[in-house]
């Protein structure tokens, strides 16, 4: 370790910034946030610094650098674009035993400013010892994605209750377990939900019940359509905090690979032909049992849990059984598959509305408004429609949708094996059969679907019926 990490209390202490440009602006703003009394010296100041000086936010020294500027300074930052000036600042600071940072010049610096993840009062600092600043920045971005912004509130709450926690849990082992519960349990969840009052109530109740059993919770997470890059930061955090993950059949391996390594993974996806209601009842029972055992449960569903995912039913069940829960939205298939196929779901010239429809219904239970669906100037996105293409096509044509209306079938949308098959509504069932389209696939119907022929940027694209050579193959 070539650098000793240290956090400096600069409140009310004089810090000199030499330089008046954009870099000096950034350094000055960071120092002011830390409570420093900042003095900026330069021949000219950036408008932002000039405004701060006029408002009394900083002190100003005009002209070129002079060693006398260092009088009374605890730290100095050299932020000019002239290395000779920066070297002079560094030498003068060294002679006076004042720590000096020369921006982007480790050789001239006696201290370095790290990349920072700020969840005050919790602060994470990352340094590459000046060797690879880009690497430090990348690491900071990764850490930023892992820690919710409510973490600072949680740290402040823990600090405020520290004496009471110590009194209520005098045994060190008990106290550690309590802090684990505090960081991972319902208090942290309430803060993430912007409910600080309820968070404090949870903490008060726990302190009044010294030996209370750990209380589990369920996070309903939308996994998106398959590309792990489309997972939200909150979803990633939930996967990294999970004790057990109950995942659906369409959740991709790439998404599961991002989960905590020691989390238990249980597939609960429904298979074609089985009793889906019975399977759903088993999922409900499993969520309840795991949460009551004090575990952090992630219910991981493809796409978004509230778009044809029975997420509402699962939340109703959890609420009825007094299980704490959260919901993390996911990118639903209609949005992601269309985007990866180059299809804008709305377009000023072609579609002023979008309708998301489930095609997973039997003819004797069909309550869809087919007359409304058959109107033009709208985009239809049919979920779970591969097995119902003949029925969907017949109903739309019967209610007046034009036979020449474009369609796009997006198979395995957003995944490496994505394939887009396009054509016209009249030929939809035949094209799908001849092209051997298989689930999972999203069906898009409307004028915008034709844009896939020119705008698709990802995966394979096949238009219309296969030619004789393809059929022979």
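Note: Cβ is positioned from N, Cα and C throughout, glycine not excepted.
Together with 302, 303, 304, 307, 332, 333, 384, 413, the S-adenosyl-L-methionine site in Swiss-Prot holds one more listed residue from 170, 186, 196, 225, which is 225. Residues 19, 20, 21, 24, 42, 45, 46, 49, 79, 80, 81 surround the recorded NAD(+) site, their Cβ atoms falling within 8 Å of the Cβ centroid of 22, 23, 43, 44, which are themselves excluded. Listed in sequence order, 225, 226, 333, 336, 337, 340, 341, 440, 441, 442 are the same-chain residues at least 6 apart in sequence whose CB falls under 8 Å from the CB of residue 413 (S-adenosyl-L-methionine binding site). The local packing around residue 128 (phosphoserine), expressed as other Cβ atoms within 10 Å of its Cβ over all shown chains, amounts to 18. Contacts of residue 23 (NAD(+) binding site) defined by a Cβ separation under 8 A and a same-chain sequence distance of 6+ are given as 79, 103, in order along the sequence. Its Cβ taken as reference, residue 44 (NAD(+) binding site) is surrounded by 9 other Cβ atoms within 10 Å in the chains shown. For the binding site of NAD(+), formed by 22, 23, 43, 44 according to the record, the largest Cα to Cα distance is 15 Å, rounded to a whole number.
Here is what falls inside 10 Å of the CA of residue 270 (active site, proton donor) among the recorded positions 22, 43, 44, 248, 307: 248. Cα spacing between residue 44 (NAD(+) binding site) and residue 128 (phosphoserine): 32 Å, rounded to the nearest whole number.
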